[in-house]
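S.K.: Please find one structure pasted underneath; my questions will follow.
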Amino acid sequence: MGLELFLDLVSQPSRAVYIFAKKNGIPLELRTVDLVKGQHKSKEFLQINSLGKLPTLKDGDFILTESSAILIYLSCKYQTPDHWYPSDLQARARVHEYLGWHADCIRGTFGIPLWVQVLGPLIGVQVPKEKVERNRTAMDQALQWLEDKFLGDRPFLAGQQVTLADLMALEELMQPVALGYELFEGRPRLAAWRGRVEAFLGAELCQEAHSIILSILEQAAKKTLPTPSPEAYQAMLLRIARIP
């Protein structure tokens, strides 16, 4: 069997890997694991990834669980164009520099609006207003750092061409954008960066990858989202409790 990718396009890192694979013609068997239903906490999936996280890549007996590691693995295995993960040592270090910062400052911050507006209400939990306000402040600060430190006067986050850094960043920022946050308003450099990345990826691929998250507010309003499993319910309560 070929490579299998376990994912849910509601998940930002799942979308990053999906887009990368599609853009580069990498053959993958897609296995959808419904996060809202809690399928990532099922016994069957935990046998594949005991962390219960998405995305997860299975290449024969080899299982890989972190999106940045998966992207690097696929880039090297399929020898994708050099701009994604440069062979030049310093250019590659810039990609890693961003990915390290991304894990600390972006990854846990920009996903919170989904918990506030969709996932919390789905299980009858309201995130306190002061936590929502702190999250907005944290997002604004992270956007400023993203713009000043990583983008600067360059066209892309790690240099003159699109890299894995841009893909990871775009997908994370799309999460609150899909929920109505005007992240790029008043930030012309970031808005132009987004336009360049999306133009490179192509409108059709972006629409394909983003269609589920872009419709999630409508699904929540119409009450058409699935009911989380008991295992997922407990995990969701714990995740909401960890919102700073």
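Even glycines carry a Cβ here, placed using N, Cα and C.
From Swiss-Prot, here are the annotated features:
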DOMAIN    2-82  domain 'GST N-terminal'
BINDING   HIS40, LYS41, LYS53, LEU54, GLU66, SER67, ASP104, CYS105, ILE106, ARG107  glutathione binding site
DOMAIN    88-224  domain 'GST C-terminal'
S.K.: Could you break down the residues of the domain 'GST C-terminal' (88-224) into DSSP helix, strand and coil, giving a count for each?
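M.R.: Helix, strand, coil within the domain 'GST C-terminal' (88-224): 99 helix, 2 strand, 36 coil.
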S.K.: Among the binding-site residues listed here, HIS40, LYS53, whose Cβ has the fewest other Cβ atoms inside 10 Å?
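M.R.: Checked HIS40, LYS53; of these binding-site residues, fewest Cβ neighbours within 10 Å: LYS53.
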S.K.: Got a sec? Which of these binding-site residues, GLU66, ASP104, has the most Cβ atoms within 10 Å?
M.R.: GLU66
S.K.: Three-state secondary structure of HIS40 (glutathione binding site) from DSSP?
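M.R.: The residue in question, HIS40 (glutathione binding site), is helix (DSSP, three-state).
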S.K.: Taking the Cβ of ILE106 (glutathione binding site) as the reference point, list residues of the same chain whose Cβ is under 8 angstroms away and which are at least six residues distant in sequence.
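M.R.: Non-local contacts for ILE106 (glutathione binding site): ALA142, LEU146, MET168, ALA169, GLU172.
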S.K.: For LYS53 (glutathione binding site), name the DSSP secondary structure in the helix/strand/coil scheme.
M.R.: coil
S.K.: Rounded to a whole angstrom, what is the largest C-alpha distance between any two of the residues HIS40, LYS41, LYS53, LEU54, GLU66, SER67, ASP104, CYS105, ILE106, ARG107 that the record assigns to glutathione?
M.R.: 26
